[in-house]
Amino acid sequence: MSIQNSSARRRSAGRIVYAAGAVLWRPGSADSEGPVEIAVIHRPRYDDWSLPKGKVDPGETAPVGAVREILEETGHRANLGRRLLTVTYPTDSPFRGVKKVHYWAARSTGGEFTPGSEVDELIWLPVPDAMNKLDYAQDRKVLCRFAKHPADTQTVLVVRHGTAGSKAHFSGDDSKRPLDKRGRAQAEALVPQLLAFGATDVYAADRVRCHQTMEPLAAELNVTIHNEPTLTEESYANNPKRGRHRVLQIVEQVGTPVICTQGKVIPDLITWWCERDGVHPDKSRNRKGSTWVLSLSAGRLVTADHIGGALAANVRA
């Protein structure tokens, strides 16, 4: 299910409150009973044990909100991985409506818990013990989904470049057509969203608009954008096998690569990859500025999640 980002709105059935959370995990310790441990938090207001989550703030996308809430509730920084489930349940306060919570797997990259008024305890438990500790059926369902695949997956981020006006209205070499005002805003908004997944390296098809989409992220990471001639629409159409091979070469590198390319490349690339590895991808409209979050285990694709954009205030599934 693709996540489409939009401002929260009132509906006839009541308001939808958008939230985001995670199964926060870390490698198991030497005396742990499992390969990974799960963070379970206690909220004194409700006297319950749950997974970390919270409302998505205006101006945030769900992934950015998830990482912020993890830090606020647990004290841990985290990199998101595969999306798990979207949970919806009714809420009565301060208005009647529903809360919609998007959950991800999230690996702790360090931090230290400090008790507070909202969360006063955090415990790390193996998956079976965490399952027994959680008070809510929806949290246990999320954890079950997490346990379906190995925790430690590799993430690959495939981005369609931002908006760049109309080809018909650009008089120069189309390969040099730049981002327009909205496209530049998309490029800036992509930075926190891609960092939420632990982006480390940046690749862009040999088009000005692809490079410009990645420039803010590359500046934030202090890395060079790798130019990729085989991933332009023309080159990929002439030799898709060469383009796919180049993507697989990129994936072999250590880290979380971000690959920015064009609209006629991405659908074929995602379809080929999913068919090769037996994965059902999200449905998507392949909009400019959108992102595919691909999760791999032992070199094989296990999930293909889509995020519709990075600009809007909240999310709609």
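Yeah, the Cβs are placed from backbone N, Cα and C, and that goes for glycine too.
Counting only residues at least six positions away in the same chain, the Cβ atoms of Glu118 sit under 8 Å from the Cβ of Arg45 (substrate binding site). If you look up Swiss-Prot, you'll see Arg43, Pro44, Arg45, Tyr46, Asp48, Lys53, Gly54, Lys55, Tyr89, Lys99, Glu118, Tyr136 marked as substrate binding site, on the strength of similarity to another entry.
Residues or ranges marked as Mg(2+) 1 binding site by Swiss-Prot on the basis of similarity to another entry: Lys53, Glu73, Glu118. Classification of Lys53 (Mg(2+) 1 binding site) by DSSP places it within a strand.
Secondary structure at Glu118 (substrate binding site), taken from DSSP and collapsed to helix, strand or coil, is coil. Residues or ranges marked as Mg(2+) 2 binding site by Swiss-Prot: Glu69, Glu73, Glu118.
Marked as domain 'Nudix hydrolase' by Swiss-Prot: 15-148. When averaged over the domain 'Nudix hydrolase' (15-148), pLDDT in the model lands at 95.
Per Swiss-Prot, motif 'Nudix box' is recorded for 54-75, and the stated evidence type is sequence analysis.
Among the binding-site residues Arg43, Glu69, Tyr89, the residue whose Cα lies closest in space to that of Lys53 (Mg(2+) 1 binding site) is Glu69.
For Arg43 (substrate binding site) paired with Glu69 (Mg(2+) 2 binding site), the C-alpha to C-alpha distance reads 14 Å. The binding-site residues listed here (Asp48, Gly54, Tyr89) include Gly54 as those with a Cα within 10 A of the Cα of Glu69 (Mg(2+) 2 binding site). Within 10 Å of the C-beta of Glu118 (substrate binding site) we count 12 further C-beta atoms, all protein chains included.
Considering only the binding-site residues Arg43, Lys53, the Cβ with the fewest other Cβ atoms within 10 Å is that of Arg43. Taking the C-alpha positions, the distance from Glu73 (Mg(2+) 1 binding site) to Gly54 (substrate binding site) comes to 9 Å. Taking all protein chains in view, 17 other C-beta atoms sit within 10 angstroms of the C-beta of Gly54 (substrate binding site).
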